[in-house]
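Novice: As listed in TrEMBL for this protein:
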DOMAIN    13-59  domain 'RNA-binding S4'
DOMAIN    91-251  domain 'Pseudouridine synthase RsuA/RluA-like'
ACT_SITE  145  active site
């Protein structure tokens, strides 16, 4: 028999979710059988699959030892330590992701992604200790495309991750981007409402009118400055669909500079000219972990988009 003690980062999970994450080699159908037959108990009492766990609860597991023989995954330690931290407190980390870096791995052997670098940073700071965790690892709250630069938000603990995800769901995080678009938009500022569908080829299609299978997307923009053939634009997102900014400006015949995938002309700029440059938090008073973020704005005043526009585009 083995015992598993639920810690603060495990609390609030269902029994089955906790076991799936903790005993990854245990097949799901066998896990359900063990719970039903009382071979897995909580605090020495029969438990149910959907029972919520509290910190300090102890699971008694009368199951074969082979399901516990799982090495800890330290592959994130292979990641580069090149990480630009913009804001940090006890619960939250905000970093500046360079264009070209994946946020998560899409290949089994790729161990130098943004989340790998964040976990390695927190491990080096002795904040993240995998040997002491059953089911939690520091995680990202928002994601941006590989070839987009800018601010990405991560949670250091499970309670903060839940609260940040709730903020995101309730749209209480104001996300603003800077981009350079081809040409000069007809309106200095506008509130856009379009209809979006993600295609199988990792490409987004936009319709100006409602259409079956398309979802409404909304964003506001304002022109900050113009040059002969380009405009520097600030965008405030109200929805966050895949490639939303890129596809919407392409649909207006003003694709982002360098975004050949969405119809832009090839330029010296290697990626699409897009940066997630500002996050403003409006936390609910009921949130306990995020007191340090109350009405706080984290902004990249120095960013590659503004720099390129004023140094290379508008000389």
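From the backbone N, Cα and C atoms, a Cβ is placed for every residue, glycine too.
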Novice: Which ones in the same chain are close to residue 145 (active site), with CB under 8 Å and 6+ residues apart in sequence?
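Specialist: Residues satisfying the criterion: 243, 272, 274.
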Novice: According to DSSP, which kind of secondary structure is the residue listed as 'active site' found in, if we only use helix, strand and coil?
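Specialist: Assignment for the residue listed as 'active site' reads coil.
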